[in-house]
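Student: Before I ask anything, let me first share the structure, which is written out below as structure tokens.
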Amino acid sequence: MAGTADAVAAAKRAAGYQAAEMVEDGMVIGLGTGSTVFYAIECLSGRIRDGLSVVGVPTSYQTAMKAREYGIPLTTLDDNPVLDLAIDGADQADPQFRLIKGRGAAITREKCVASAAFRFIVVVDEAKMVKKLAGVVPVETLPFATKTALAQLRGLGCRPFIREAVKKDGPVITDNGNFIVDCQFEEIPDPALLEAGIAAIPGVIESGLFTRLTGNTTIIVGNEKKCSVLTSPDVVP
């Protein structure tokens, strides 16, 4: 796939639209955060106009605003603690269906929603598929304990930085009122072990490593011409 912006957008659109076609009438679905998911929302809007009945649980204020704009009815995990499926993007995905997520700073709600779903549909363009996870792992932290968390995160072999906002001074604030620490790892030999190690640090709310949902994950990889659907052996089609 050509690396142009138009080609990437076409790949994301193809993946998002294919995910939306997997939604069945009467489903309660999780709606992730990010540009690829917004294409799924766009497609769902058209299907709703054609008579599809569906309600969504958004993972961020941004997604909630987009869903309302496109006429998708919304609900909450309080009212629907079990979801039929969830659709979300990823920054990286490896052959074992382990993910790094979190550029949209919604990792805690995304992980809650994905964990509540019978099936987790991950939509990516082919550049997001990697042989091994590495690079930046976002971590959501309590502001009160961020400095102490930084020291312990360094002990796990990374270079952590508090994410700075782009259009305002100061750090990025999540929808939960917390900070995002971006942790740069040169390599991640054992993603599941690292996810557990990060989670054990006091003050950490959640990390962008998703390693415990591989059994119910389907990855839709988009490119300009077609989509590839990768299904975990543990998923029942």
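Each residue, glycine too, has its Cβ placed from N, Cα and C.
Residues annotated as substrate binding site in Swiss-Prot, with sequence analysis given as evidence: Thr33, Gly34, Ser35, Thr36, Asp88, Gly89, Ala90, Asp91, Lys101, Gly102, Arg103, Gly104, Lys128. What Swiss-Prot records for Glu110 is active site, proton acceptor.
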Student: Looking only at C-alpha atoms, tell me how far Ala90 (substrate binding site) is from the residue listed as 'active site, proton acceptor', rounded to the nearest Å.
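Tutor: Ala90 (substrate binding site) to the residue listed as 'active site, proton acceptor', Cα-Cα distance: 11 Å.
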Student: Using a 10 angstroms cut-off on Cβ to Cβ distances, just flag whichever of Lys101, Arg103, Lys128 is the loneliest among these binding-site residues.
Tutor: Arg103
Student: Taking only the Cα atoms, work out how far Thr33 (substrate binding site) lies from Glu110 (active site, proton acceptor), in Å, as a whole number.
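Tutor: Spelling it out, the Cα of Thr33 (substrate binding site) and the Cα of Glu110 (active site, proton acceptor) are 8 Å apart.
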Student: Least buried of the binding-site residues Thr33, Ser35, going by other Cβ atoms within 10 Å?
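Tutor: Counting other Cβ atoms within 10 Å of each of the binding-site residues Thr33, Ser35 gives the minimum at Ser35.
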Student: Compare all C-alpha positions of Thr33, Gly34, Ser35, Thr36, Asp88, Gly89, Ala90, Asp91, Lys101, Gly102, Arg103, Gly104, Lys128, the record's substrate binders, and send over the largest distance in angstrom.
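Tutor: Farthest-apart Cα atoms in Thr33, Gly34, Ser35, Thr36, Asp88, Gly89, Ala90, Asp91, Lys101, Gly102, Arg103, Gly104, Lys128 are separated by 16 Å.
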Student: Under a three-state reduction of DSSP output, how is Arg103 (substrate binding site) classified: helix, strand, or coil?
Tutor: coil
Student: Where does Asp88 (substrate binding site) sit by DSSP, helix, strand or coil?
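Tutor: Where Asp88 (substrate binding site) sits, the three-state DSSP reduction gives strand.
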Student: Roughly how many Å lie between the Cα atoms of Ser35 (substrate binding site) and Glu110 (active site, proton acceptor), rounded to a whole value?
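Tutor: Rounded to the nearest whole number, the Cα-Cα distance is 14 Å.
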Student: Would you mind reading off the Cα separation of Glu110 (active site, proton acceptor) from Asp88 (substrate binding site), to the nearest angstrom?
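Tutor: Taking the Cα atoms only, Glu110 (active site, proton acceptor) lies 8 Å from Asp88 (substrate binding site).
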